[in-house]
Amino acid sequence: MPLPVALQTRLAKRGILKHLEPEPEEEIIAEDYDDDPVDYEATRIEGLPPSWYKVFDPSCGLPYYWNVETDLVSWLSPHDPNFVVSKSAKKLRNSNADAEDKSERNLEKVDRNHEKSDRSHEKPDRSHEKADRNHEKSDRERERNYDKVDRERDRDRERERAFDKADREDGKDRRHHRREELAPYPKNKKATSRKDEELDPMDPSSYSDAPRGTWSTGLPKRNEAKTGADTTAAGPLFQQRPYPSPGAVLRANAEASRSKQQD
């Protein structure tokens, strides 16, 4: 691995490095190596193994040893018997941060699992609540059915009472009509009773279903043929037939008496 150009220049000025590698032809941007924490001279003087360098830590002001291949560090020289290597503080912080992030993610995962388990436990609770609501709903429906049956029963009772009342009123009306029929003079028909009193007892309408006649009933009408039939008679026995003559009646009676004598 070639050394940096600035380091080769320093070593050449001090006489440590006699052969300078030619600079590359490509353009190189100037860099400031004054702040380089690697102490190359101390590294050369102490004779550190390959890939080990002595580095100055500006934060604490103390040197440490750094392996550029494994990226491990140590506060003691590799030649020291108490030499112990470890990761740098920066890497430890990063690893700790990664571990903390990982632990936080694990904790979040555990929390999510707990929440999921809680929700799974809540599901049976919700199912129980649903069952309770269904029971309450069935109870309410049963109560409504009972109330409906009670209302129907009350309506039936009211209907029966109405029927009984109507029957009592009908019986009362029948008894009232019977008393009126049995009474000699009805009191509820004054106008008709007056007409009935004026009715002639010999009028057929007073003792039969014949209609009541007027003053002109039975008088000969104009342009009416004189057939001798009784136009005032009604019913199936008469049918408006003319009366027989008196001689025909006498002859019929004589024939009837002869037939009786012969018998």
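Quick reminder: no glycine exception, Cβ is built from N, Cα and C everywhere.
What Swiss-Prot annotates here:
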- 104-110: repeat '1-1' (REPEAT)
- 104-138: region '5 X 7 AA approximate tandem repeats of D-R-[NS]-H-E-K-S' (REGION)
- 111-117: repeat '1-2' (REPEAT)
- 118-124: repeat '1-3' (REPEAT)
- 125-131: repeat '1-4' (REPEAT)
- 132-138: repeat '1-5' (REPEAT)
- 243-253: region 'Important for interaction with TXNL4A' (REGION)
- Ser245: phosphoserine (MOD_RES)
Confidence summary for the repeat '1-2' (111-117), mean pLDDT rounded: 81
DSSP helix/strand/coil residue counts for the repeat '1-5' (132-138): 7 helix, 0 strand, 0 coil
